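K.L.:
Dropping the structure in here first, questions after.
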Amino acid sequence: MNQLNQKTKLDKHLSSDNRAKIVADYFKTNGLVKHQIETFNHFISKGLKTIINNESSIKYQSHDNYSLKFTNIYVEYPSIIDDDRTIRDLYPQEARNKDLSYTGNVCVNVIEMVENKEGKPPQISEQYRVPIAKIPIMLGSDVCHLSKYTPLENEQINGHSQADQGGYFIINGKERVLISQVRKAYNKPVCFVKSTSQKEDVLICEMRSMCEETFHSTSVQVKMIKNKIMVSLKLKRKLIDIPVGIVFKCLGYNPDQMGSKFRSLFNLPPEYEKYIDAIKNDCLEEFAYGIAVSAADGDNSDSGGESGGEEEADQEEHIVKVFRNMSTSVDKDGGMAATGITIEDVQKSLDMDLFPHLGITSTRKQRVDLLAFMVKKYLLTLTRKIPVDNRDDYNHKRVETAGELYSFLFRLLYKKFQKTCITQIRNRKPDISNFLRTSGITTGILYSFSSGYWGVQRNTYIRTGVSQVVNPKVSLLANYSSLRRVVIPESKDGKEAKTSEIRQIHPSSSFLVCPVETPEGKGVGTVLNMAVFCQVTTGISTCEIMDQIDSFGVDLKCHCTIKDPNNCLLLLINGSPYGNGHANVIHRLNFLNDTNISIVVNRALGVIEIFSDAGRFIRPIFDLDKICNFEGEIVPSFKWFLDNQLIRYIDINEAAANSIAIELRDLSTNPNTRYNLMELDPCGMFGIVAGIIPFPDRTQSARNCFYSSMVKQAIGFVPCHNLKTETVSHTLNYPQKPLVTTSFAEYNQLNEYPNGINAIVAIACYTGYNQEDSIILNKSSIDRGLFGTITYNTFTAQEKKNGIIEERIEIPSNAIKIRDCNYGLVGPDGIVRLRQRVKKGDVLICKVTIKNKNQDEKLVDSSVIVQHGEEGYVDRIVDNVIDGCRIVKVVIGQMRTPEIGDKFCSGMAQKGTCGMIFPQEDMPFTASGMTPDIIINPNCIPSRMTINQIISTVMGKLYTVNPNPRFRNGNSFQENSNTILKELCHHLKLNGFDPSGSEVMYSGFTGERIQSTIFMGPTYYHRLKHMVKDKMHARSHGQVTTLHRQPNCGRSQGGGLRFGEMEKDCILVHGATQFLNERMFLNSDPFQIDVCKDCGMMSSTSKKCHHCGSINVKRCNIPYSCKNLLQELNGMGIKTKIDL
């Protein structure tokens, strides 16, 4: 089908309306946290069972051989034990209110066996449903109670919002998320250039081989040393370099005797004969290795290339000599010693450390094929037939999501648990139920979740910051952003973080990682967010793929020949060779139609690669060929397209092997390019945060990046905020949907939980109070509720009993009450009454701490008191009982209106702080009497180039008088992008407005007409959580530090603002020396010391110098910190003098 006919059919099937319905159905079906939930479900259903089943037996050899075996592993739904010892279901909302962890039991059946060595029959007993650990359960997963109900039922019954898609955990009442971690791909050879200490660039082909079953990993490298191709192998825990020809011979493939069959292993063109001959010569140059290779030492190979025909003892002796000699040559350069190498060491090195991912059941033919493939790729890269691999290419990366991270941690803790079991069994025969219930798995997992340190103590590698609080809880958008975050962790030596390449945008990340949403500063380019359509594979094991290929009878046993090397391709399944086949064999592999599987033909390397490992980025995409060939009626549904294979998921390997159109017009603008795939939506290149920016293609990239950071700090409306008890949370009182929005915001219900207001914004210089980044606000608009917010602070008190210390919630006696505190607002139960107005010094919860030491009871009042800045009214009280102890939470709400110094920003990253609040009478007004809510400075537009704000203002102005849906569409890359502004201005004129969006305005102070017209219209603005009330502090006097006698630092400590070196220099150049003396001395740490005028030393008395005996001692003023400095210098043996 030619390009014109193809486009005609695609225009019909993939019209803009159909594509919009398909994309909307995609988000309705998959949501935004599917990658988190799916991987956790995979861990629960398969990963957890695999870890325990691999080492299900715990044995202890003694007089009576004692063993435990775990069977029938499963995870229970979260539950809680009440005070009356009844077990009931635990729901997320209750876990939040009671500061509990939302955990479920990992239960097993335990078979206990005791074998008597005296010949008696073994004693076998079995216990059922024995819990060995409690693990946190992800909300929305298969073992979460919320999965039993529909979203509407969850909101009505369980207090869980329909917009909350889950994907996070609840630990001690706090919502925490596992941040996905990027790592290098396993079992995939990568050629790169490495700089050595001699400042020479060395080409290396490296593969990190990781076994799927045992997780044993090692690195195999192919490189050239002194014109010889070498393989780095681990022998007795140290790396040695062995010529690749020797390794082939040790594996039973003698290059000298195999002839042309050895050449067919590499499947290289004739010009590479010299390299293959060099590999053959590695086995023939006996003098280079100091060993005598006789004819009896050689290997006779049969037609299949397997060694045979020689005595096994001679073959082993020859192999040992080779490795010993190579070890000796390495030792001369400071390497390992040659002593103690046996045939068992060599055998272990070849079987365990040479591609362990192939498994112990693999043949040496598979190791030879894979090693030959690495050598082939190395030679092709060396001769520049193929480019050097970029290690920052996402083709060579994988991402570890919640399921993989959980699996990694549980595996480490389970191994530690097994060692603990053996230790306790050695001491005594345990009570199985109590013994397993107190395992350290639960403690270790909860510690990792709480601290963010992901690993086991004393382990070589512990990642930090993996578990983070879902914070700030200011809007639904910030919640989604944290759940889709991806981090590239720093290397152990930290060198990668200093390079700029790792932080730059790589082309392979298109439509997988958002190019916009990344923080400023240290995390730029390493803290990323997934694109909206991006998903992550859960993985299918290599053995399952091989079984499917065998069951379908695909013949992969053909043999390569020199005559036709291009049509004989090596099949690699996750880096494991699985035979050879002609190029047309890929058509017989189409039955492997699974989201987790990708098949790619790489003719340059002569290989068919099948990837099914976990952690690959994938995205849905239109298959244009199948859509064009489809006969029948199209149903515009994502699920229907996916079921009919008109949409399929591709990973980076498949994306690189296909020609992908961004949108339909690419087919006509590039007629010479044959496109076989097309993106679902051009805006799919953005993440969920950048996807809500109107016209992001009409502003500079930095503005989009800044907005992605600021909008997550914008105060909005959090679902079910009245049921949650966060430590600090904010709520916008009158949120509004944006007039100009994007499709992604509509599809994901973000406009149902808005975080801004459509304010009337004028761009003008007015009185100078809006210079630079300042803005002017209308006081009447504020009085009507503009940007009014409520800040909720939660105070918690819990009863405890720990040894000699007991804490009770009760009213303390008058003898121990805290002075200057108001106890009049609390009720008889010791808790403040609802709807009370509280201020600094008021008691919210009365609590008494009882210390019983040496039979003496001491009572201390430890009540919860309102501090400065926490004033407000009692919004709600949560009173619960856990294990017989009360836990009380009091939520204080504080109404906050905008004030000078508060921070705001527009929906296009025009940030600013409030510089002045004018009454409406002083604000400029139009002929119709309209006054702006906000006035911003015109200088902010040329420097920041936020043209999208101008377009959005014009579009919003038009939409208020002509509510046509296309006049609120702020999507980027629209088909009418070049003419949209002209069209908007034309419709503005038709509706009686100036086509430029400007207005004639009059001064609010004089009533005179302002000579220039002013651009004014509705613009979506956010109020950020950075408020003056939380940050401003000052003091005249108060507490000082003990050591330096200077004022405390910090607002919470009653401290002041730091007067630093730069502030000192500013005052000094103005000549205000008396003010400088007041700031840095009189109001800081004034002190007087006695100084001898003769010797200049500090004296301990004012009558006589104890250094020189002089009576000429004078008292002088000096900062106390300076006195400390002089004394510390004297203590180090440095003599200091003061000249008076």
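Each residue, glycine too, has its Cβ placed from N, Cα and C.
Quick paste of what Swiss-Prot says about this protein:
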type: BINDING; residues: Asp773; note: Mg(2+) binding site
type: BINDING; residues: Cys1092, Cys1095, Cys1105, Cys1108; note: Zn(2+) binding site
type: ZN_FING; residues: 1092-1108; note: zinc finger
K.L.:
How about long-range neighbours of the zinc finger (1092-1108): same chain, 6 or more residues beyond its ends, C-beta under 8 Å?
P.N.:
1114-1115, 1123, 1126-1127, 1136-1140
K.L.:
From the centroid of the CB atoms of Cys1092, Cys1095, Cys1105, Cys1108, the recorded Zn(2+) site, which same-chain residues not already listed sit within 8 A by their CB, in sequence order?
P.N.:
Lys1093, Asp1094, Gly1096, Met1097, Ser1099, His1106, His1107, Gly1109, Ser1110, Asn1112, Val1113
K.L.:
Give me the Cα-Cα distance between Cys1092 (Zn(2+) binding site) and the residue listed as 'Mg(2+) binding site', rounded to a whole Å.
P.N.:
55
K.L.:
Drop a 10 Å sphere on every Cβ of the binding-site residues Cys1092, Cys1095, Cys1105, Cys1108 and tell me which sphere holds the fewest other Cβ atoms.
P.N.:
Cys1108
K.L.:
What's the CA to CA span in angstrom from Cys1105 (Zn(2+) binding site) over to the residue listed as 'Mg(2+) binding site'?
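P.N.:
Cα to Cα, Cys1105 (Zn(2+) binding site) and the residue listed as 'Mg(2+) binding site' are separated by 60 Å.
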K.L.:
Tell me the Cβ neighbour count for Asp773 (Mg(2+) binding site), meaning other Cβ atoms within 10 Å of its Cβ, over all protein chains shown.
P.N.:
17
K.L.:
In this predicted model, what is the average pLDDT of the zinc finger (1092-1108)?
P.N.:
86
K.L.:
Can you tell me how far the Cα of Cys1108 (Zn(2+) binding site) sits from the Cα of Asp773 (Mg(2+) binding site), in Å?
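P.N.:
Answer for this pair: 62 Å between alpha carbons.
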K.L.:
DSSP on Cys1092 (Zn(2+) binding site), three-state: which is it?
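P.N.:
Cys1092 (Zn(2+) binding site) sits in a strand per DSSP.
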